[in-house]
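Asker: Shown below is the structure under consideration.
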């Protein structure tokens with residue numbers, strides 16, 4: 001069907017560098033490249049750098065795969081065993097099916113960058129604006145929602161883990177304690193610092209995954225695959241599907257990732273194998289966790305550990321990971337807000353966040369503190385991990401990863417598509433809308449039930 005397009009057979013300048021930009025640099029470049037331009041500025045002109053931007057060296061296919069894997073193999077895999085417990089083989093099928101769809105929609109999104117073998121657009125937002133002028137603002141809104149929701153979920157997750165270790169303090173109390181430590185993110189304005197935090201986050205991620213998998217494998221003799229059922233609960237399955245979609249959302253930075261590759265012709269193959277690897281790992285991790293703990297499986301797999309001392313150790317590593325994870329989406333959200341609202345007249349509605357000497361203004365720091373407190377307020381209002389992940393995945397996840405890439409591809413590339421390709425795009429749009437609408441309804445119902453249950 002969609003073979004590797006010939007227009008991707010191009011070399012990017014600077015092939016001699018082997019430096020690997022991390023996930024942060026890709027997100028930072030998105031924030032810069034998607035800054036709105038005033039009407040009198042030519043389209044080709046790059047936004048003016050205020051001294052706080054970032055540039056990326058060309059990367060290999062292996063390095064690009066690392067970035068994609070870093071995006072879709074995040075901390076939220078700790079919730080996959082509960083997904084297997086609730087949805088059984090249907091959840092496992094969703095982990096595989098969503099990976100397949102997200103791979104293809106990623107390919108479709110990249111195809112929208114080109115016309116007649118020439119790259120005409122650079123970002124997700126430019127694709128959206130070409131589809132319909134002004135539609136790019138919806139993409140930016142979805143991205144901002146996704147980033148802030150990720151921050152909120154980190155707070156909920158950290159509080160869950162800490163309360164399980166030290167129940168004398170309730171969950172809201174732990175959220176406030178964690179948020180107090182994260183107020184320092186308001187002063188982060190150095191890419192190098194955030195990059196180092198992201199590096200240590202990756203190390204802690206590998207450590208805790210290794211610990212949990214070795215522990216689960218030590219109980220292999222007690223596994224019973226018959227405990228994974230085909231039973232279908234229509235009330236909970238859409239929430240689980242949304243949770244899975246949330247874990248695969250990476251489309252927002254794919255155009256920039258492809259642009260930074262040394263050999264863009266390798267993008268499709270890179271995307272395919274990174275999603276295959278992600279699907280295998282997610283399925284294996286989810287099954288191992290559930291087969292080991294069975295009906296005792298908790299929302300966070302580490303809370304299922306029977307030994308309290310061991311559970312505290314693993315949970316504290318996960319809490320450290322959550323604290324190290326929070327600055328990345330928070331910083332990216334701040335950059336989006338800055339580049340779309342606070343770059344000064346006439347580019348944006350408000351004055352610049354930076355004084356002439358490039359230092360951050362006091363009111364800008366205050367706004368960042370308010371943003372941290374906003375994530376705390378929402379976390380306190382809806383402190384339910386699985387339900388919140390499911391709702392966000394069913395709203396922004398399906399839009400960014402299912403509906404919009406296929407819709408844009410069908411509109412932009414319609415003259416080059418055969419009937420099968422058109423039906424394929426239409427099928428993804430219909431499926432995405434169905435998942436979105438049903439997921440929003442049932443996820444909202446699950447969230448309301450959780451809230452009512454807590455109040456009773």
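Glycine is treated like the rest: Cβ placed from N, Cα and C.
Curation does not apply to TrEMBL; its annotations are automatic.
Just lifted these from TrEMBL, have a look:
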- 1-21: region 'Disordered' (REGION)
- 1-19: compositional bias 'Polar residues' (COMPBIAS)
- 35-56: region 'Disordered' (REGION)
- 58-443: domain 'Amino acid transporter transmembrane' (DOMAIN)
- 90-114: transmembrane segment (TRANSMEM)
- 135-162: transmembrane segment (TRANSMEM)
- 206-225: transmembrane segment (TRANSMEM)
- 237-254: transmembrane segment (TRANSMEM)
- 275-293: transmembrane segment (TRANSMEM)
- 313-334: transmembrane segment (TRANSMEM)
- 365-385: transmembrane segment (TRANSMEM)
- 391-412: transmembrane segment (TRANSMEM)
- 424-442: transmembrane segment (TRANSMEM)
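Describe the structural context of each listed feature in the structure shown, including burial, neighbouring residues and relevant distances.
Answerer: Remote same-chain partners of the transmembrane segment (90-114), defined as residues 6 or more beyond its termini with a Cβ less than 8 Å from a stretch Cβ, comprise 2, 5, 7-8, 72, 80, 83-84, 120-122, 124, 127, 130, 228, 230, 232, 237, 240-241, 244-245, 248-251, 254-255, 258, 267-268, 271-272, 275-276, 278-279, 282-283, 286-287, 401-402, 405-406, 408-409, 412-413, 424-425, 428, 431.
For the transmembrane segment (206-225), same-chain residues at least 6 beyond its ends with a Cβ under 8 Å from one of its own Cβ atoms are 77, 285, 288-289, 291-292, 294, 301-302, 305, 314, 317-318, 321.
Tertiary neighbourhood of the transmembrane segment (313-334): same-chain residues 23-24, 27-28, 30-31, 74-75, 78, 144, 147-148, 150-151, 154-155, 157-158, 161-162, 164-165, 178, 181-182, 185, 188, 194, 197-198, 200-201, 204-205, 207-208, 211-212, 300, 302-303, 305, 368, 371-372, 375, selected by CB-CB distance under 8 Å and a gap of 6+ residues from either end.
Below 8 angstroms of C-beta separation, residues 79, 148, 151-153, 155-157, 159-160, 171-172, 175-176, 179, 182-183, 185-187, 299-300, 330, 333-334, 337, 447, 450-451 of the same chain, each at least six residues beyond the ends of the transmembrane segment (365-385), sit close to that stretch.
Residues 101-102, 105-106, 108-109, 111-112, 115, 124, 127-128, 130-131, 139, 142-143, 145-146, 149, 153, 238-239, 241-252, 422, 425-426, 428-429, 431-433, 435-436, 439-440, 443-444, 447 of the same chain, all 6+ positions outside the transmembrane segment (391-412), place their C-beta atoms under 8 angstroms from a C-beta of that stretch.
Beyond its flanks by at least six residues, the transmembrane segment (424-442) meets 1, 101, 104-105, 108, 234-239, 241-242, 245, 390-391, 393-395, 398-399, 402-403, 405-407, 409-410, 417 of its own chain at Cβ-Cβ distances under 8 Å.
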Asker: Is the transmembrane segment (237-254) packed against any residues at least 6 beyond its ends, judged by a Cβ distance under 8 Å, and which are they?
Answerer: 23, 26-27, 30, 67-68, 71-72, 74, 76-77, 79-80, 83, 86-87, 90-91, 94-95, 98-99, 102, 105-106, 109-110, 124, 139, 143, 146, 271, 275, 278, 282, 386-387, 389-394, 396-398, 400-402, 405, 435, 438-439, 441-443, 446
